[in-house]
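J.: Starting off with a structure, shown below.
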Amino acid sequence: WEFNGSFYQPSAFLMMGIPGLEALHPWISIPFCALYLSALLGNGVILFVVGRTPSLHEPMYYFLCMLALTDLGLALCTLPTTLGLLWFDVRRIGFDACLAQMYFIHILSFVESSVLLAMAFDRFMAISHPLRHPAILTGSTVLKIGLAIVLRGALSLLPIPFLLKRLTYCGRTELSHSFCFHPDIMNLACADIKVNVFYGMIILLSTVGMDFVFIVLSYILIIRTVVSLTTRGECLKALNTCVSHICAVLVFFLPMIGLSMIHRFGKNVPPLVNTLVAYTYLIIPPALNPVIYSIKSTHIREALLRALCRKRG
């Protein structure tokens, strides 16, 4: 412990695995390894295929690459601590290292939320205003959107580590997960955390909350456009382009909302439920998103098959 008058700060935190199943951690690590491998390979393949296929150099696939990069980042942020705990029972993480991991996890989560909003806007423009779509979403515009998304996440979350460093911590150092999460860390403090709670809620609602609202609004407008189409075939074709994105939105937002609510209001929720929701939020979307888009996008499948055939040839 570091002591400075009445100010106490732990030198490290202790991470937790699966509550009540510690003896089974080596076996539990097998599905975790499969999910991480799926996330790394799947998102890497999407980046490779889009980069090597000129016909996929369109706004829809540029945003998909942003999503793949974000998912790769999320997987790499939690992989070392999660597998280190499950394989070698490495529970200790330094205070500053924990704050750094938390900062990047939250940034990437906010970036993923914003990328999903950008993808919803892309689908709205492609379906509702197909003639204006190429002129509005040019390559430079997509790049500017990407930079704005990253800057918004990085700057809005910049005060969080400093707000945590100013707190005085009590004797408890055990985190709820095998990674660092802002509500989890601040609940270990024995100081007044009202500023942390207020700032965290404001940032969450003004970024991820607003993203979700605008995504819903985009789909309301898309449905209005689709309903006005003359034939059933045109309706199904238009909606089919949105299925992958809708699945990605649900896979990301539902566990995220659940985890935020549990940490803030779920004092009586069993630890196992809390842990499962947390892992669902951080590991399942990076592993599933490449599968979802590969299954639904014939263009990606065809480009992947062409790339494999070229390598064999």
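Backbone N, Cα and C define each Cβ position, glycine as well.
TrEMBL entries are annotated by machine, without manual review.
Worth saying up front: this structure is predicted, and the values here are computed from it rather than measured.
As annotated by TrEMBL, domain 'G-protein coupled receptors family 1 profile' applies to 42-293. Marked as transmembrane segment by TrEMBL: 24-49, 61-88, 100-121, 142-164, 197-222, 243-264, 276-295.
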J.: Using a threshold of three or more Cβ pairs below 8 Å, and leaving out pairs closer than 6 in sequence, do the transmembrane segment (142-164) and the transmembrane segment (61-88) count as in contact?
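T.: Answer yes, regions in contact.
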J.: Look at every Cβ pair spanning the transmembrane segment (243-264) and the transmembrane segment (24-49), keep those 6 or more apart in sequence, and say whether at least 3 of them are under 8 Å.
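T.: Taking Cβ pairs at least 6 residues apart, the transmembrane segment (24-49) and the transmembrane segment (243-264) are not in contact, as fewer than 3 fall under 8 Å.
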J.: In the same chain, who gets a Cβ under 8 Å from the transmembrane segment (197-222) while lying at least 6 residues past its ends?
T.: 109-110, 113-114, 116-117, 120-121, 123-124, 127-128, 152-153, 156-157, 159-160, 163, 182-183, 186, 238, 242, 246, 249, 253, 256, 260, 264
J.: Report the mean pLDDT of the predicted model across the domain 'G-protein coupled receptors family 1 profile' (42-293), rounded to a whole number.
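T.: The predicted confidence over the domain 'G-protein coupled receptors family 1 profile' (42-293), as a mean pLDDT, is 91.
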J.: Same chain only, please: residues at least 6 beyond the ends of the transmembrane segment (100-121) with a C-beta under 8 Å from a C-beta of the stretch. Say none if there are none.
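T.: Cβ under 8 Å, 6 or more out: 60, 63-64, 66-67, 70-71, 73-74, 77-78, 81, 93, 145, 149-150, 152-154, 156-157, 160-161, 164, 179-182, 185, 207-208, 211-212, 214-215, 218-219, 245, 248-249, 252-253, 256, 282, 285.
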